[in-house]
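Okay, so here's the structure we're looking at.
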Amino acid sequence: MTFRKTSLVLLLLLSIDCIVKSEITSAQTPRCLAANNSFPRSVMVTLSIRNWNTSSKRASDYYNRSTSPWTLYRNEDQDRYPSVIWEAKCRYLGCVNADGNVDYHMNSVPIQQEILVVRKGHNPCPNSFRLEKMLVTVGCTCVTPIVHNVD
């Protein structure tokens, strides 16, 4: 799914959450909200993104060509949007040199990015959603190791 579609869905869900919290009375349990007859079935969200038509075409094999290659793993959770997030795991502790051999004089380290996801609620409020931060490993990079000299 594209960034644009993901952003639109996240904004839609956040808008619904705000409307629900501001216009709905409490249900049987104090933590859950119940819909009344004026509860909106849909919400229109206007999203303004700069450089809307900019397309970024990149090679899809960075994970193999990098001096710090990684493998992508599917992280799937049906109670989260997006339900599938691809995460990287560094293949080696060291880095690949020009000859294609692993050099342990350098370190392969993960690159992490914090993203926002929407999580579906469960008992006692199954029809609720909450926004959460998630730390995702998006790739790996090669760095010089930190060396501590013992005097």
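Our numbering is plain: 1 for the first residue shown, then up by one each step along the chain.
Backbone N, Cα and C define each Cβ position, glycine as well.
Looking at the candidates Cys95, Cys125, Cys140, Swiss-Prot gives Cys140 as the cysteine bonded to Cys90 by a disulfide. Within the set Cys32, Cys95, the cysteine that Swiss-Prot bonds to Cys142 via a disulfide is Cys95. In sequence order, Ser66, Thr67, Ser68, Cys95, Met106, Asn107, Ser108, Val109 are the residues near Cys142 (disulfide bond), counting only same-chain partners six or more apart with C-beta under 8 A. Note: Cys90 (disulfide bond) has non-local neighbours Ser68, Pro69, Trp70, Ser108, Val109, Pro110, Cys140, i.e. same-chain residues 6+ apart with C-beta under 8 A of its own C-beta. Within 10 Å of the C-beta of Asn64 (N-linked glycosylation site) there are 11 other C-beta atoms, taking all protein chains into account. Cβ-based neighbour count (10 Å, all protein chains) for Cys95 (disulfide bond) stands at 24.
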